[in-house]
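> In case it helps, Swiss-Prot gives these features for our protein:
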BINDING   A33, P34, T35, A36, S37, G38, K39, T40  ATP binding site
BINDING   T35, A36, S37, G38, K39, T40  substrate binding site
REGION    58-61  region 'Interaction with substrate tRNA'
REGION    182-186  region 'Interaction with substrate tRNA'
REGION    266-271  region 'Interaction with substrate tRNA'
SITE      T124  site 'Interaction with substrate tRNA'
SITE      R146  site 'Interaction with substrate tRNA'
Amino acid sequence: MTIKGNRMRLSSDSLSHHLSPSLADNSVVCLMAPTASGKTNLAYELYDSGRYELISVDSALVYRDMTVGTAKPNAAELARYPHHLVDIIDPMQSYSVAEFVSDVARLIDSCHQNGKIPLLVGGTMMYYMALLDGLSPVPVSDDSVRARVEQWRQDEGISALYDYLGKVDAISHERLNATDTQRITRAVEVYLQTNIPISDWQRQPKQALAHNPNQQWHALAVMPDRPWLHTRIEQRLDIMWREGLVEEVISLLERYPLTPSLPSMRCVGYRQVLEYLVQINHPVFEQSHLDKAQFYDAFAQSNLSSVESNEQDATTQSGMTQTHLSVATDQTEALACQQMQNKALYATRQLAKRQYTWLRKVMQLSDTAAEQATVSSAAPSTSIIGFDDMTASQNDKLILHSFITMEQARAYLC
C-alpha cells in the first residue's frame, strides 16, 4: 500500500543493472513493514527490474470495491504493476489464513516456473506468521457449513455459538472472549465440519511454507522511526477522507447485504465510518437488503451518548425554528465526523503498534535494541534461524533481516 498523491520514490537509478547475485532463483522474499511505511514504492521498483512478481500480503486488499480505505493501488497502477491476491473476493465473503497459505504456495511455484522471484509485500502479520512460523493443519471451511453457522449467528447471536462451543470444545471456550465473533464462529465451523475440536487441531505440528528445503526464504522486516510513521499515517488518512472513504462505505452498503460482523467491515477505517453513519442515522440503513438493527446493536454504546445528548437538547430544540434545528444537526454531524476521524487515526496507530510488536518478536529484537538501532551507520542486523525444533526432518534455514529504512532493504535486494 502507498500514500496516493504523495509517492515516496526511492533515490535510485534503474535496478536492472544492480540485482543482487546473492538471491538464488529459488528465493522467496517477504517485505514486512507496518502500514504507511512505503512498502509498495520499493515493490514497484523491484518489479521494474524484471526479476520479481508481486504477491499481496494484505487481508484488506483481497476485497473488490474496497479501494479508498485500503489504500489499494489504482487501476492504472495495477495494470502497470500486477499484484496477485488483490480484488479476489466480494466484501460479503471470507478469506481464511489457510486459504491464503494455499494460494501463496501455488503462486510461489508459478513464479519460479516463470523464472521470477516471488516478492510478498504487505502488512498483515497474521499471514506472514502462517507462512514463516507455520499453521496448524485445520481444514479449510466448507462453504455450506460456513453459511449454516453464519445464519445461526444472525438468528440467535454470538452468545448461542459461544454456549455451544462450551459443550463441544471446553478448551477453546475458556480461551476465547465471549465477544470474539470471528474466532468463535471459526471454532464452531471446524467442529461441525470435522467432529474434532479446533483446539485438538491446533495441538498438531505446524506446517510452514518457509520449511520447504527447495526454497530459500528471505524475510525482511522494516521498522521505521515511529514519529516518521505517525506523520505518514496522518497523511494517508487525510488523503482517504478527501478521496471519499465515507462515500465508498455508503456505496458498499447500497450494493451489498453487509453486516457489521463481516471481516471486511472490521477493517480499520471502514469500522469507524460505519459507526459514524449509525451515529448520524444515515438513511442508507433503510435499504431493504440491510438489517438495520444489527448495525445499531453493534454500535449501541457509542450511539447511546449521541441519543442521550439529543434527548437533553430536546426541550431547547422544541422552541427552535427550522433554520436553528438545521444548524444544530449540522453541528452534531460535524462533531460525529471529527470523532470518526480521531478514532480512525487512533485505530491505525494501534494497528502499527501491533505490527511493530510482531516484527520485533520475529526478528528477536527487544524493544531496547529496536530503539537504539541507527539509520545511518550500522549494517542491517541479520540472523539465520533453523526450524529443526519445529520439524525434525527439516534442515532448511530462514534468513531474517531487520532494517530501519526502506533504503536499507533496497540495498539488500540490489
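Including glycine, each Cβ sits where the backbone N, Cα and C put it.
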> Give the number of CB atoms, excluding that of A33 (ATP binding site) itself, located within 10 Å of its CB.
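Its Cβ has 25 other Cβ atoms within 10 Å.
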> Measuring Cα to Cα, how many angstrom lie between A36 (ATP binding site) and T124 (site 'Interaction with substrate tRNA')?
12
> Given the binding-site residues T35, T40, and counting only Cβ atoms in the protein chains shown, which has the most within 10 Å of its Cβ?
T40
> How long is the line from the C-alpha of K39 (ATP binding site) to the C-alpha of R146 (site 'Interaction with substrate tRNA'), rounded to the nearest angstrom?
34
> What counts of helix, strand and coil residues does DSSP assign across the region 'Interaction with substrate tRNA' (182-186)?
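The breakdown for the region 'Interaction with substrate tRNA' (182-186) reads 5 helix, 0 strand, 0 coil.
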